[in-house]
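**Q** Questions regarding the structure given below will be posed in turn.
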Amino acid sequence: MPNPAAGRFGRLAWLWLSLLVLVIDQATKLYFNNALTMYQQIVVIPDYFSWTLAYNTGAAFSFLADGAGWQRWLFALIAVVVSAVLVVWLKRLGRNETWLAVALALVLGGAIGNLYDRIVLGHVVDFILVHWQNRHYFPAFNVADSAITVGAVMLALDMFKSKKSEDPVHD
């Protein structure tokens, strides 16, 4: 049921943030795809942070990357469905739900950025590499992944905040 306090378009104005995430994501992927060769590393902060180029045909942490290609379309379908749900959710938000609107817009922008890669390129371009002393590496990721993660953390925090505010006060 639509939220009457949302107005006609709800919080769809926050789609500018999704577009900004998408543009920055695609611009950085294009830059690193052209500037680096596969798995080349440029150390930015020794022992902690590097630029690299990696292609991920799977999902997070290369989940199902060894599939025969069907996973590309499965993850694309999931991204399309999730994106549609996020737009509807964003539209139904009230004016006072800015935190949630930002969270949804970040997740949406990231999902569309990776969806574009998956459909057009057949893989997601990753280029950010965080590591500890060249021994312990976190899987490479990109701006879209970062936006999705920040948005998901914001959603979780919002759920905890909402749940806490609904708890009855005990004397």
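From the backbone N, Cα and C atoms, a Cβ is placed for every residue, glycine too.
According to Swiss-Prot:
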TRANSMEM  12-32  transmembrane segment
TRANSMEM  42-62  transmembrane segment
TRANSMEM  70-90  transmembrane segment
TRANSMEM  96-116  transmembrane segment
ACT_SITE  Asp126  active site
TRANSMEM  137-157  transmembrane segment
ACT_SITE  Asp145  active site
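Tell me about the setting of these features in this model.
**A** Sequence-distant contacts of the transmembrane segment (12-32) (same chain, six or more residues past either end, CB-CB distance under 8 Å): 51, 53, 87, 90-91, 101-102, 104-106, 108-110, 112-114, 116-117, 125, 127, 142-144, 147.
Classification of Asp126 (active site) by DSSP places it within a strand.
Asp145 (active site) carries a helical DSSP state (H, G or I).
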